[in-house]
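Here is the structure we will look at.
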């Protein structure tokens with residue numbers, strides 16, 4: 001019976017690690033493509049794209065840092081308490097960087113439709129950089145809070161003398177912190193605020209489009225574009241909520257000493273990380289300029305491959 005449990009655990013770990021690696025690769029490639037698209041297409045270099053790039057950087061960090069660390073933590077390697085805690089905090093930083101970038105995007109789109117006349121004077125480039133810097137600062141402070149004392153060090157000290165342990169997220173991070181501070185304060189509340197902002201955006205746009213704007217074709221076109229952009233960005237927000245809420249609910253339920261199956265926990269973690277590879281797909285499907293530039297890049301890559309193939313064939317023929 002014990003051997004069966006060990007085999008089952010091994011298969012779960014192998015499946016989890018394989019899927020994490022695939023998600024990480026897709027997240028890095030997809031979001032690097034987003035940044036490449038912005039670099040190649042000057043028409044995409046709008047103020048909103050600064051925030052989209054910030055979100056892409058957070059998602060790249062998930063693929064490069066968070067997923068490898070999550071795999072290391074899942075293997076329960078023996079290490080010092082604070083080394084394990086720091087690794088766990090890094091996982092949290094980029095979660096909050098994503099949510100703060102989404103909040104920044106929502107606020108920016110709201111200002112765009114609400115302050116149409118004063119928009120350019122209010123949203124200067126300097127203010128946008130300051131806002132982005134504030135978002136990342138908050139993300140680091142919230143994510144690193146357990147390092148300043150809100151952790152399970154005292155609980156573990158009373159039950160074991162050694163400062164080393166088998167590293168596991170829940171062994172070092174307090175569920176009080178996860179549920180009340182990380183989830184409710186810095187994930188759930190921003191999600192509710194963003195939903196209210198987007199509802200107001202759609203309400204403003206609908207009112208403007210329903211008004212008799214005959215002779216104001218440019219104004220109608222502006223609000224039509226804003227409506228399409230808002231729908232696309234709201235889909236990004238919806239996917240974030242869909243991917244992160246299951247894991248947050250699992251943590252919330254665990255707070256009341258309910259036993260969660262390992263499979264459910266792994267699925268929750270995988271789903272949360274999978275969100276990092278979804279945004280490039282949304283941009284490709286929903287934002288025309290992104291889609292067009294994606295196709296240009298793919299065409300250029302195919303032409304390069306064809307050219308390389310022709311060169312190698314020519315060399316073989318010459319020989």
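The backbone N, Cα and C atoms fix where each Cβ goes, glycine too.
Note on Swiss-Prot: of 50-73, 290-313, the range annotated with the feature transmembrane segment is 50-73. Going by Swiss-Prot topology annotations, residue 12 is found on the same membrane side as residue 262. Cα of residue 13 (N-linked glycosylation site) to Cα of residue 167 (disulfide bond): a span of 15 Å. Where the transmembrane segment (263-285) meets the stretches 50-73, 86-107, 128-149, the count of C-beta pairs under 8 angstroms peaks at 50-73. Every protein chain shown contributes to the tally, and the Cβ of residue 13 (N-linked glycosylation site) ends up with 16 other Cβ atoms within 10 Å.
Long-range Cβ contacts of residue 84 (disulfide bond) within its own chain (separation 6+, distance under 8 Å): 73, 165, 167, 168, 171, 172.
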